[in-house]
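Right, one structure below, let's go through it.
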């Protein structure tokens, strides 16, 4: 009996296995390779562009360096020629400004691009091109001024012991000048302001300038020495500017002492001036008065003035608040003459026969400078005679030479 075949009427739920499509995989791989290739080409183009930019920057840098060298050479060439000294007045913009020349004229000028604009302040000293008046350099504050500080090596070696007599004058000037600078707290505790200025006055040769030299030697403060006639300059405005420079320099180096010798050259009593020179001197005096009693007064700057003609000075200068202390240097009396003779002959090789008291007791009115000249002339007379010892006749010769003058001498002073 043949076997019968039974067919399952329900189909199987498991799907037949399928094979991967080789065409689909190749297409995706090709797309990925195309993307990578495109990115590679893009990066290559970017690298090439960056290389081109780098070469351009290098070339531009070389050009700028050459331009910089040419500009530096041009600046050196401009600054190498003689320049005109001027004064900066006002900044208009970053490239232009107004300057004043020494002739009194003001100019609207171009400012060199290499100049530091922060240095361009009013009243600053500048250098101008001689032809175009362009501002090419800024000078140091004291470059065009004859005023300068005395360094430690330049300070005189005069001490208080080298000045015979003048004990009262020494004490007064030390109280008015040295003590406020070294012990200012003493004045604060007492509740007073120290003197601002000191006037030394008296006949010629009585030790005014020498005492100021001793002050300069004994103090550590900056010392500025100027003669009154130095403020009188050729062009208008130069004198008052020098006065401002002196006080500015003193304030920058405070504590400082300003010594103005022969102050009567600029501080005579004011009058109705008829000439430009007289008006300029009066402007110098007014600037001096303002600097000594201005709004920006500082206690660390002391002023010493010396003159032979205190009677001609302007009353505004002599008032308290400017010159608080006035120290007189009279002709030496008998005791003062003895001290001056002792100081002058301390290092001299005198004979035992020399009696200095004889010259001290003589009634002639002589100054300390004349006593120094007597001792010097006595030494010169001994040298002329080839002697190493000074005899009484040498002193007598020196005394007659400097004191016993004929009445006909120096008639032009009368």
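In case you wondered, yes, glycine gets a Cβ from its N, Cα and C as well.
Here the structure is a predicted model, which means the values were calculated and not measured.
As annotated by Swiss-Prot, region 'Disordered' applies to 1-33.
The compositional bias 'Low complexity' annotation in Swiss-Prot covers 21-30.
The annotation coiled coil is assigned in Swiss-Prot to 55-81. Residues 112, 114, 127, 129-130, 134, 136-137 of the same chain, all 6+ positions outside the coiled coil (55-81), place their C-beta atoms under 8 angstroms from a C-beta of that stretch.
For residue 204 (ATP binding site), the same-chain residues that are 6 or more apart in sequence and have a Cβ closer than 8 Å to its Cβ are 308, 367, 369. Positions annotated as ATP binding site by Swiss-Prot: 202, 203, 204, 205, 206, 207, 208, 209.
DSSP classifies residue 208 (ATP binding site) as helix under the three-state reduction. Around the Cβ of residue 206 (ATP binding site), a 10 Å sphere holds 24 further Cβ atoms from the protein chains shown. The ATP site, placed at the center of the C-beta atoms of 202, 203, 204, 205, 206, 207, 208, 209, has further neighbours from the same chain whose C-beta lies within 8 angstroms: 308, 329, 367, 368, 369. Among the listed binding-site residues, namely 202, 203, 205, 207, the Cβ with the most fellow Cβ atoms inside 10 Å is that of 207. Taking a C-beta cut-off of under 8 Å and a sequence gap of six or more, residue 209 (ATP binding site) has these contacts in its own chain: 261, 306. Over all protein chains present, the Cβ of residue 208 (ATP binding site) has 25 other Cβ atoms lying within 10 Å.
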